[in-house]
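Reviewing the structure listed below.
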């Protein structure tokens, strides 16, 4: 009955003169703001249920549930959160899922930061409400706010065995999140046994229950940076102190980074093993159906550039190069040396960047200069010589290349300059060149504050 009368509860009116619908004053007009509000609300409801069920089991003792109740409660909490905000924000409810969707081209990067902020705020507030409700029970159970006794109600902590073996703890969070995102990608794939939208939240809930029953022992299966970090920050300010961050050898870092890496890997694994093995025609047809179901205008496949059709899902293939690049940068950091191939790669990227800045039409080779017009490509002076889809790829690569190159190659020189106080020596040299008297009680060569005698270069500079 309430569901049938739902639309009658919304106060809105139709203006016949303007042909527009007037909504309540509190309705948010900007669509992205609605998404952020919905995502934060969904996370708040999820964490209220999740922390609530854990609080009841732990504070109530054996008479109010056990570990199986926690597993079931976690799944149902996320099911309720997905039902709450899925129609507006997509119900990521997990920064790892948000980042994985963006990496694999299914979500806009510009929305990622605020989505994560909304998720963290929602998780923080959810933990705060549960703490307020169970405040007398917390005082009776653990008045001293012991991390070992009660902090695990809000955030996840490894058991003692895995606190000494953080790699296994990392692997547990990594693999559990990879399984979760693999399942999410399969549920969102219209070409692979499409699921009824009503059943998707329940299916995700069952996946979480299975992960908890299979891999919950080592770490408590956070699988979600916001689910762990938001309540952990709350416990830090609610009496447990900063020890929640240093406990178990700074374990709090693992529920942040392991789920993100695992989510990217899980999404990439689905793209590599399942999604990209459908026929291309079926893929384009599925994209058209999916776009129409979400309110987007369908674009005929004949109008899509061939390069776009062949590279629309290339992000999944960046995982392996990213891992190799990370290992290589670690090697560079510890050995303080580059391979010659790094310089070659930098030159290659610079050449590509030059090509990117070059227009498609060169008046000197196309019959001489002509006036631009709306019918000519030259009317767009910044039309590049290759696909625009690559523009967002090259500038961060070039920027990071120059930063890393300068930092790693000049590290020794910078340390030497700081050690021997080059700046002070240059200031004194400039003062002496202008005929100014520099007040010092030491010989000039000792103006460089260094425990060792000045180098030959410094003596030459100071004697000038």
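Cβ atoms here come from the backbone N, Cα and C positions, even for glycine.
Outside the transmembrane segment (36-58) by six or more residues, the chain places 28, 64-67, 69-70, 73-74, 76-78, 80-82, 84-86, 88-89, 91-93, 114-115, 117-119, 121-123, 125-127, 129-130, 133-134, 137, 141, 150, 152-154, 226-227, 230-231 with a CB less than 8 A from a CB of the stretch. According to TrEMBL, the transmembrane segment annotation covers 36-58 (among others).
Same-chain residues lying 6 or more positions outside the transmembrane segment (70-93) and placing a CB less than 8 Å from one of its CB atoms are 34-36, 38-39, 41-43, 45-50, 52-54, 57, 101, 107, 115, 119, 200-202, 204-209, 212-213, 216, 224, 226. Feature annotation from TrEMBL assigns transmembrane segment to 70-93 (among others).
Within the same chain, residues 32, 35-37, 39-48, 50-52, 55, 59, 89, 92-95, 98, 154, 225-227, 229-231, 233-235, 238 sit at least 6 positions outside the transmembrane segment (114-135) and bring their C-beta atoms closer than 8 Å to a C-beta of that stretch. Summarising the annotation, TrEMBL assigns transmembrane segment to 114-135 (among others).
Positions annotated as transmembrane segment by TrEMBL: 166-187 (among others).
Positions annotated as transmembrane segment by TrEMBL: 199-221 (among others).
What TrEMBL lists as transmembrane segment is 233-253 (among others).
Summarising the annotation, TrEMBL assigns transmembrane segment to 260-278 (among others).
What TrEMBL lists as transmembrane segment is 312-330 (among others).
Annotated transmembrane segment per TrEMBL: 337-357 (among others), in sequence order.
Positions annotated as transmembrane segment by TrEMBL: 393-410 (among others).
Here TrEMBL flags 444-464 as region 'Disordered'.
Residues or ranges marked as compositional bias 'Polar residues' in TrEMBL: 455-464.
In this chain, the transmembrane segment (199-221) does not touch the transmembrane segment (260-278); fewer than three CB pairs sit within less than 8 A of each other, excluding pairs fewer than 6 residues apart. Beyond its flanks by at least six residues, the transmembrane segment (233-253) meets 120, 124, 127-128, 131, 145, 147, 150-151, 154-155, 157-158, 163-164, 166, 169 of its own chain at Cβ-Cβ distances under 8 Å.
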